[in-house]
Each structure stands twice: as C-alpha cells, then as structure tokens.
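Q: Have a look at this one.
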Amino acid sequence: VLVIYTGGTIGMLCDGEKGLVPVKNKLKETLLHNPLTHDAKFAKLHLSQQYKDGLFVLPWIEGKSRILYEIYEYEELLDSSNMSFDNWRQIAIDIYRNYNSYDGFVVLHGTDTMAYTASALSFMLENLGKTVIVTGSQIPIFQVISDGRDNFISSLILAGHYNIPEVAVFFNHKLFRGNRVTKTSADNFSAFDSHNMIPLATVGVAIEVNEGIILRPDAIAKFQVSTTLNPNVAILRLFPNISLDVIRTFFSHPIEGVVIQSYGAGNMPSNRHSFFALLAEASARGVIIVNCTQCLRGSVHCLYETSKLFVEAGVLSGHDMTAEAALTKMSYVLGKADWSLQMKKQAMMKSIRGELTQPPDPERAYNSLLESISHFLNLSHPTEVQNLQSALSHVLLSSAVLHNDLNRIVKLCDSGINIHAVNSDNRSLLHIAVGVSHIDIIKFLLLKGLSIHTKDSYGQTALTEAIRHERQEVVHILVENGANLDLNTLGDFLTRCAANGHLKRLQLFEIAGADLNTPNKSGRTALHEACLHKKTKIIKYLLAKGVKKMCPDLLGITPQDIAIKLQDADILRLMAVGNSKG
C-alpha cells in the first residue's frame, strides 16, 4: 500500500505560538517505533534484502497476508483549509504514477476539506480498479488519546486486503463512498457521515463489506487520470431575503457552473420572478445550474410549484448529491472540452461515480432462491446469509463459465446473482474464464467490473494465470484493460520460466510489460537460470532481447560466469555472439 501524506491534523505537533502545525518526517519516525504500525522484527528478518529502506510492515493479522506500506510525504505539508485544485491534481498524478507498483492507496489528509478532495478524486480517477482511501484524524496520532491510529491502521487493512475500486473516506470505523460524505462534526470522532447511503464497509470485531453497493469498472479500458478541472464554478446557498444583486454576482463572467443549495425538496420563493428570469438567462448562455437541497438527508423532487419553476428556468436536478460532490463533479464535467453542452448536462443529472442515488432494481428471482435455501438451512445472521450467497453464486457461475455458456451467465446476472463472488482460494470468475480462454466470457466479465487486480490465495492474478496457461490473446485483452505485473514477484516468475524452459511464457511476460532483467530474491535473473539449466532456446531469446550478461547475483556470480564454469560449447557460443551489454 502506498500512503500519500499530504498533511492534516493526524501528523501535527503543538507549537507554543502557532498551535498545531505539521512537522517534516515526524510521522514516519513515530510509526517506525510503534509496534502497532511497524513490526521491526519481521522487517529485519524478511525484508532487508527484498525491499528498500523506508518500507513499513503491519503486525500479522490472523488469516491475512502481511501488509507492507510505504509513506510518500509531500515536501509541503498542508492544512487542508489550504487545499486547491492543483493539490488535487498532484494527488491524482501521484496515484497514477505509482498505480502499477501498489495494490492500494491511502491518502492522509486534513478533515476540513476532506469531503471535497475525496469527491474530486472520485471523478478524476477514471476506470479505477484499486482501493483509494482518504483518511485523517481529529486529534494528532502522537497524542495518547487519538482517533488517528485506528483510522490509519484500518485504512491500511482495507486498502491492502479488500478490492473496493472506489475513492472512499474512512473515519471512526466506517468506510464511506468518498463523494457521498459530509463533515458533520468539528470535534467528534464521528466527524463524517453519509446521510443518503450506507457505508461501504464497517470495521468492528469483524470487517463487514457491503459487496452489493460497491461500484466497479464497467468498460474495457485502462486506468487513467483526468486532470482538467474547470475552476469557474460556485455554490450559492439560498437564505430568506437574499438580494438579486448577490445572486447576479454568482452568475457573472467567468462563472460557467453554479450549484444552488435550495430549501427542502428543492424549493425557493415563487414570488421572486426576477430571480427565475436571471436563472433562465444564465442557462440560455450555457451556464450549467444544478439544484441541491440544503438538507443533510433526502433529495430534490419536483413536488411544489417553486421547484417546478427551477426546471422551467433550465435548472438541473442534483437529486441527493452533496454540495461537495456536485461542485467537484461540475468542475470535472466542465473540464471535458470534447463533450457538448448537452452531454455535460446529462452527465450532471446521472450517476457516474455513485454520487447520487439511482432508482432501485426490482426484486429478482435469485433473491427468492437465496431466501429459500437460507430458510431451509436455518440461517438468519447477515454474515451467514452473505457467505451462503457467495458460495452459491460462485458455484452456479463457475459451472456456466467452464461450459462456455454466456447466455446462462447473463441470465444469472439478471436474476441478481453476485458475479463478484470468489471461492475458498479467492479465485474469481475471471481467473476461471482466463484459464479456459473463453474470450467472450472474459470480455463480459470485464464489462461487469470484475477486477483484473484480484489475487488468489497463491498470489496469482488473471494476467499471471493467462501467462501460465499461455493464452496470448487473453494477455493482450487484459493488458489493454490495464492489467499489470506485480514487480515484487516478477523476478521469481521469470527465473522459474527460464529454468523450466518455458519460452512462450517468457514471451508473454514481455508482452505484458516485464523487464526481462528483473532479478529474483537471490539477485538472479532469467539469464542466470537459463545458463545454469542449459536452456539454449531461452538464452538465445533473452540475448536477442538485450538482457544483461554481466549482472551479478547476491554472491557476485554473473550469467557469463555460469557459462564459463559449465564449459558448454553451445552456451559459450551464444554468449560470445550475443549482445555485449553489462
């Protein structure tokens, strides 16, 4: 997990004159010496030769893999009140640059503008396939009483162990969708709430994830970042007797988008005809106006005369969007230069990242089947029912995948089945479909949002599964969809392929973007192993690809040394005429 430390109360110390201020490197130093945030003994025994200095490791959690994390501390640590669009762009770009090297991301941030940042990132990070969690604290992590430790550790666990491909906010045991939260308390540990949506996950004695509401990618496309945000947006909160001059200011040049926070279900005084005329004029010249309620709960509805006048003036319904989500979404949408005005308006009225509530799906047949079996087995606890649902879903869908029956899979999905279920080895349907190379099913599953980053219990992703089964067409599809190789295990894969003479697999690793010089934990490369095991076809291929002949392993032995030691004529000839790179 990569931790991006932007600033905020969580890492501040008290200065006698200035109050709480951020201090460079203090957070890293504190975490390094706290046994709850860093297992120094494990790191010394197991990480010293594999990973660079500065990597932290959480203590072991029963039944889980170890979580390793690195902290990237910004040069200028900010109080979140000073956050700007440029800072949002920087965070998004840093996630993009490190996307292929980490399984998840945690952003440490101040609480004052956290809801704005989380909302903005949710729109800027397009086709997101990994977990991004924004968190912080009300009290610095250095103090005896602090919410910072729990928020930080829980965020690391969720980002490392769970595939929740959204931008989320974690606070006080709850993981919220990032664009649905609002800061509701200035001094309570329950500082954030999502009034119109239940949490994505809750951390208690057990971690309960609401799988059914998690958004997943719905397009075959790589992860990308949209950094073009239009700053010409504003929020206008109505209040009794607000003057027309004040309102007119909000719609003056260069404003291109306004979020109106209206009364109740989307109302404003119906006797202010000049106000509606001003709105209609602004809308006619291309200003996008969105109506959101001032209430924390509920949505905008066109039930009253006053709200219907908004519609007649060209004002769009913001449904149950928060002001933070509506503003950042508007900035993102207005930044899409290749979208027409009509496309931008349509985008503002529909959910593109789960920021507003869509009409519920009708009750479907699979739910009835699940209820019947649960009743037969006397299961009533939600966790028991969820486990049954996952097991049933995977069995039914796996059978359809193995029989290449796409129609049955579609019908099962339409019935309400959980297509994201995994088996006891954490293997998803995508793992299974890749293994049997059923292309149409693979594409369907990708469109349904199955994660290309999910690892089974043996560390295999869909991409490494495709390479293991030597499915070249599948490798191309997965790479086009943003699949990437785990750099921490790549060297082991390459050296095993070379030692066993698996030329096709090496070729597929290269197609997937592998550096064929990547060493394993012993410092040995594929060429070391190919020479040692006399795999001449592998040697010839690697040399043709420009791999290094003179790179030493941990014992100082190079591939050239092995060739000389073995005195194999064919290997010596290949090494002599091969490339001369060191």
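Positions of Cβ are set from backbone N, Cα and C atoms, glycine also.
Annotated domain 'L-asparaginase N-terminal' per TrEMBL: 1-211, in sequence order. Feature annotation from TrEMBL assigns active site to T111. Taken from TrEMBL, the feature domain 'Asparaginase/glutaminase C-terminal' covers 232-338. Residues or ranges marked as repeat 'ANK' by TrEMBL: 425-457, 458-490, 522-547.
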Q: Which numbers of helix, strand and coil residues does DSSP report for the repeat 'ANK' (522-547)?
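A: Final tally across the stretch: 16 helix, 0 strand, 10 coil.
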Q: Which residues of the chain, 6 or more past the ends of the repeat 'ANK' (522-547), have a CB below 8 A from one of its CBs?
A: 491, 494-501, 503, 506-507, 510, 516, 553-555, 557-559, 562-563, 566, 568, 570-571, 574-575, 578-579, 581
Q: If you average pLDDT over the repeat 'ANK' (458-490), what do you get?
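A: Across the repeat 'ANK' (458-490), the average pLDDT comes out at 91.
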Q: In which DSSP state, out of helix, strand and coil, do we find the residue listed as 'active site'?
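A: SS state of the residue listed as 'active site' = coil.
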Q: Of the residues in the repeat 'ANK' (425-457), how many are helix, strand and coil by DSSP?
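A: Counting residues per DSSP class in the repeat 'ANK' (425-457), I get 17 helix, 0 strand, 16 coil.
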Q: To see if you understand the setup: which same-chain residues, six or more apart in sequence, place their Cβ under 8 Å from that of T111 (active site)?
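A: Looking at Cβ-Cβ distances below 8 Å from T111 (active site), excluding near sequence neighbours, one finds G8, T9, S80, G136, S137, Q138, K183, A191, F192.
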